[in-house]
Each structure stands twice: as C-alpha cells, then as structure tokens.
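S.K.: From Swiss-Prot, for reference:
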{"type": "BINDING", "residues": "37, 38, 39, 40, 41, 69, 108, 137", "note": "4-amino-2-methyl-5-(diphosphooxymethyl)pyrimidine binding site"}
{"type": "BINDING", "residues": "70, 89", "note": "Mg(2+) binding site"}
C-alpha cells in the first residue's frame with residue numbers, strides 16, 4: 001500500500017534525467033522534460049546554492065518536478081519540489097525537516113536490504129539501480145539486470161519506482177516493460193551525439209509522467 005510519510009508523486013514520473021548543471025536543467029525543460037534531478041557532488045552548500053536557486057526557479061517556470069540530490073537544507077530553504085537521497089545520506093539527514101517542509105523524497109536502493117531501509121523511511125518514490133553497468137559513477141554493487149528489477153517491481157506493487165543505471169535508448173523499452181514507473185537517464189542524453197534527438201526519442205518512449 002502506497003502511504004508515504006511525504007507528499008505523493010505520480011506512479012509514472014516519466015523520463016527522469018539526472019544532470020549536474022543548471023544549463024542542462026534549462027535545456028531539458030525547454031525540450032519538454034517534466035521530471036528532472038540536479039545532482040552536483042562533493043561541494044559545500046555555499047558553493048552550490050546559486051545553482052540550486054536557479055534550478056528551482058526553472059522548475060517552477062516550467063511546472064516541472066525538480067528534485068535536488070543530497071543538498072536537502074538548500075532544497076528546504078528554497079522550496080524545491082523534492083529531494084533525492086542515497087542510502088548513505090539517510091542516517092545524516094533530518095527527514096522530519098524535509099517532511100515538515102512539504103517536499104517529496106526519493107531514495108536510492110541497490111538490493112532488497114536497501115529497499116527495506118527505504119520503505120522504513122516511507123519516501124515518495126524508490127529508485128532501483130543500477131540496472132545495467134554504468135560509467136557515470138563508481139558502483140560497489142553489481143548490476144541488477146531486468147529479472148531482478150522486475151522482482152523488485154512486483155514486491156513494491158503500487159509504490160512509485162524509478163529505474164536507473166546504464167539505461168540507453170535501446171534498453172529503455174525493455175526496462176519499462178518490467179512495470180517500473182519511470183526511467184532515470186544520465187549519459188543517454190548528456191553523452192549523446194545529438195542530445196535533442198535523444199531526448200525526444202526517450203520522451204516518446206517514457207513520456208512526461210502523470211499529472
């Protein structure tokens with residue numbers, strides 16, 4: 001039963017790019033994307049605050065679901081749509097503050113044990129990864145593959161889910177066929193020969209999500 005302690009999100013968030021700059025946020029929102037995450041790693045809050053402010057403003061302008069990865073204090077301060085946290089961030093984050101601010105929460109998972117941890121937090125959605133090998137970030141866990149992803153989806157039933165990790169344009173239909181609500185992509189867009197074409201094709205497959 002989907003009863004999060006945080007505001008709900010649609011079961012289908014649609015195409016969900018994860019990018020590291022305001023420039024990419026603006027490009028992709030202009031191209032029709034309506035769910036997106038700003039993920040800037042390993043900087044102090046004061047170093048990223050201007051980017052967080054700009055990204056949130058763009059999200060509002062385009063009526064988009066803009067998630068801030070990790071910088072939850074800034075997300076609360078500037079009223080982002082939501083926050084996304086990794087497993088390692090859950091213990092050091094004031095989840096009640098995020099909840100009280102009315103922000104949505106997404107949590108990363110890599111196996112059944114981490115899904116248990118995520119479910120205990122009752123987030124708005126659960127991210128499942130990494131599905132395929134990925135060069136975007138160093139991963140201590142092994143790729144889960146489609147069969148394991150489908151097993152997680154069956155377990156989570158009506159919980160909004162996002163698949164992430166090595167999802168290319170070619171692999172996207174098979175990933176969505178597992179029943180996962182959304183697909184997060186990184187290099188499939190940012191490293192594409194033609195990012196506009198890649199974005200349009202991925203939007204045609206994954207959509208923009210439910211209202």
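In case you wondered, yes, glycine gets a Cβ from its N, Cα and C as well.
Note that the structure is predicted; figures quoted are calculated from it, not measured.
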S.K.: Do you know offhand how many angstrom separate residue 39 (4-amino-2-methyl-5-(diphosphooxymethyl)pyrimidine binding site) and residue 89 (Mg(2+) binding site) by C-alpha?
M.R.: 14
S.K.: What Cα-Cα separation, expressed in whole Å, is found between residue 70 (Mg(2+) binding site) and residue 41 (4-amino-2-methyl-5-(diphosphooxymethyl)pyrimidine binding site)?
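M.R.: On Cα coordinates alone, these residues lie 8 Å apart.
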S.K.: Rounded to the nearest Å, what's the C-alpha distance separating residue 37 (4-amino-2-methyl-5-(diphosphooxymethyl)pyrimidine binding site) and residue 89 (Mg(2+) binding site)? Just drop the number here, would you?
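M.R.: The separation of the Cα atoms works out to 16 Å.
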S.K.: If you run the three-state DSSP split on residue 41 (4-amino-2-methyl-5-(diphosphooxymethyl)pyrimidine binding site), which class comes out?
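M.R.: Note: residue 41 (4-amino-2-methyl-5-(diphosphooxymethyl)pyrimidine binding site) is coil by DSSP, not helix or strand.
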